[in-house]
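Chemist: Quick paste from Swiss-Prot:
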type	residues	note
COMPBIAS	1-16	compositional bias 'Polar residues'
COMPBIAS	27-41	compositional bias 'Polar residues'
COMPBIAS	76-87	compositional bias 'Low complexity'
MOD_RES	SER95	phosphoserine
MOD_RES	SER104	phosphoserine
MOD_RES	SER121	phosphoserine
COMPBIAS	149-158	compositional bias 'Polar residues'
MOD_RES	SER151	phosphoserine
MOD_RES	SER188	phosphoserine
MOD_RES	TYR222	phosphotyrosine
MOD_RES	THR378	phosphothreonine
MOD_RES	SER521	phosphoserine
MOD_RES	SER542	phosphoserine
COMPBIAS	601-610	compositional bias 'Acidic residues'
MOD_RES	TYR660	phosphotyrosine
MOD_RES	SER664	phosphoserine
MOD_RES	SER709	phosphoserine
Amino acid sequence: MTTEKSLVTEAENSQHQQKEEGEEAINSGQQEPQQEESCQTAAEGDNWCEQKLKASNGDTPTHEDLTKNKERTSESRGLSRLFSSFLKRPKSQVSEEEGKEVESDKEKGEGGQKEIEFGTSLDEEIILKAPIAAPEPELKTDPSLDLHSLSSAETQPAQEELREDPDFEIKEGEGLEECSKIEVKEESPQSKAETELKASQKPIRKHRNMHCKVSLLDDTVYECVVEKHAKGQDLLKRVCEHLNLLEEDYFGLAIWDNATSKTWLDSAKEIKKQVRGVPWNFTFNVKFYPPDPAQLTEDITRYYLCLQLRQDIVAGRLPCSFATLALLGSYTIQSELGDYDPELHGVDYVSDFKLAPNQTKELEEKVMELHKSYRSMTPAQADLEFLENAKKLSMYGVDLHKAKDLEGVDIILGVCSSGLLVYKDKLRINRFPWPKVLKISYKRSSFFIKIRPGEQEQYESTIGFKLPSYRAAKKLWKVCVEHHTFFRLTSTDTIPKSKFLALGSKFRYSGRTQAQTRQASALIDRPAPHFERTASKRASRSLDGAAAVDSADRSPRPTSAPAITQGQVAEGGVLDASAKKTVVPKAQKETVKAEVKKEDEPPEQAEPEPTEAWKVEKTHIEVTVPTSNGDQTQKLAEKTEDLIRMRKKKRERLDGENIYIRHSNLMLEDLDKSQEEIKKHHASISELKKNFMESVPEPRPSEWDKRLSTHSPFRTLNINGQIPTGEGPPLVKTQTVTISDNANAVKSEIPTKDVPIVHTETKTITYEAAQTDDNSGDLDPGVLLTAQTITSETPSSTTTTQITKTVKGGISETRIEKRIVITGDADIDHDQVLVQAIKEAKEQHPDMSVTKVVVHQETEIADE
């Protein structure tokens, strides 16, 4: 179609158009409902209307009419191709075009001869004139117009009937769909070129890709490109695939606001909505610290958990004592370098590793000494030993947030797997376990905890804290929601449907819970992945995915290890001060203290060196049982004497039979030390006392302590604190720490007849196994109901049993303390005595739990 052809058509039809303009003006009002029809059905509708009109007048369509219909159908197909482009124009322009097309269709319906003569030219004229606004036509009266308007009016009820007939509408629609499909197939090359041209003119939206940098736990950087609208889980999945990690639910991506504050990337939201600024830099960290790392399926997961804990120790987020640092550092060296080889390892090979925030030469020497004693320990075993000791630390897996209490005092709120912790001056002052928390919420910059009422309380109590900002309060609330859901629930909650003007946050943890993660990990069926260690690039020697180390069967350190003392810190429940040694002239004593807590994992036991003369061994077993009713107590006083007599008749095997402390956890020390080193150990004892005094409140001395001080050759300081548990019903555990100071011991006070005293040497070794997060200091000692002391003696031993009953917070607690003093001139198997005492205590009181075992050994050696 060209412009010249359209000009010729206008000249031929100028007179005919003037006649028809009046008709168009009159019929425009009646044809408004028809203008809503699509352009493709316009010509076919007119053909149907003409046939309907002739049928109503008694006429039948002739052969000429049928040929006209065919021509109109082909013309309408050509029109529909071109009208499709006009549909994309602005609305005002399209409305004008539709009006013109409807008017031209009416002209076709008025006279068949005019359409035959000017069929093609009229179509072209309509197409070219559609965008041009026509002048206002003059109204003319003509009988033919009335006829036409009447006929058009008659067609309107027919259209209404069609609308009421659904079957017809469906058939008509099907016919239109078929017609449109055919038209698409018959599309001309010219129309294809036009559509391609218009498509090329449209701006093509390309999704912008973002460059991400993720700092991994082995101090490497993983770079990748993600789509701009990618979610957090997409990036986390790519990082875990890069690291070959399948147990990815324990990990997360963090955005660090500063050196101490981080925000976890929400895996369910788009990354661009959580990141401020263009550089997308993240760190890959452990988000949920497993309470029992031994339950992890794969060694590679435990290895990355070890890397995270090493970072926490170096950064100061996981405080440790000197002995703990030395032990954990030795396992780190064993994991990275393997067994000690004098030819491969130099003198200062430990200095290449960063093991502590303030790493000293003394610490490196202790680490080397321990490392040299390990034999044939695989990297996977070293990692597991590392985790078994690290999980006992009090700050293990605690996410810290700065806050203030209602009085404006600075505190720190910590979130962990067991609940919410409150710290003040680096000491834990309160704890809210998840079972006791009813609701957590925030409002502006305030954070609130609603506590479940106790047995004697009627109403819930709400505790509030003030955080630096609204953003900090919301972040703490989200961390609490995630930890509670992950560790306490079996499945995640579904996000509630959005309501109109719904208040509160819709945030829910969207990942898998710990229970779901363990189920998925149990289905992992692949050989153990081979990976390289960080420092040494050693390949893992593990042959299976879950190489659990049997601590009872394996002793990684030989019995003839060099002597160093090692303790366990009370605040963290792990190995504590390095060597505690006090020497008094002309006398020698050896004191060995072992404190063992009942745990699901097998605890450990000391193996002291054999002594040469008179020995006194005291085993302090404290058994604590909770009762749900305040009035209900355990009637054990009458049975105690009989149980003590029957204890040697029972030899049942216990769950915690492997209570021996492995040599790998022993630090023995040579007896011959210089005066300068002795002063250091005096200072270490003072420091240990200070730590215990800060962590546990000092109560009144018990009756047994008064009696002991009158009969003991040295002064003993007992610090007792009550520690409530967090899981299940409230349970009060008692922690007893005994510190011996023999500086003022006098030779004449030693009650012995057989062996004179020349000198005394005291070595104090403290062991504490697996302190869980369920323990915390409590300032309320409770109300003492009864106290009873029973003493029984044999030729070689004296047993003192003290039974105390207290009530605290509606909970009745019965505590039984047994002191067994064994005297004799011959060597005694201390390990067997300790195991036997624990076994008898558990057999005598199966419904009670052993919370502490303290072994105190004194050795007096006479001059020759």
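Cβ atoms here come from the backbone N, Cα and C positions, even for glycine.
Since the structure is predicted, the reported quantities are computational estimates derived from the model, not experimental observations.
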Chemist: Looking only at C-alpha atoms, tell me how far THR378 (phosphothreonine) is from TYR222 (phosphotyrosine), rounded to the nearest Å.
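Modeler: THR378 (phosphothreonine) to TYR222 (phosphotyrosine), Cα-Cα distance: 28 Å.
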Chemist: Pop the Cα-Cα gap between SER521 (phosphoserine) and TYR222 (phosphotyrosine) into the table, whole Å please.
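Modeler: Between the Cα atoms of TYR222 (phosphotyrosine) and SER521 (phosphoserine), the distance comes to 25 Å.
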Chemist: Cβ distance under 8 Å to SER521 (phosphoserine), same chain, sequence separation 6 or more: which residues?
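Modeler: Long-range Cβ contacts: LEU246, GLU247, LEU296, THR297, GLU298.
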Chemist: If you count the other Cβ atoms within 10 Å of each Cβ, which of the modified residues TYR222, THR378 comes out on top?
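Modeler: When each Cβ's neighbours within 10 Å are tallied, THR378 tops the list.
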Chemist: According to DSSP, which kind of secondary structure is TYR222 (phosphotyrosine) found in, if we only use helix, strand and coil?
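Modeler: DSSP call for TYR222 (phosphotyrosine): strand.
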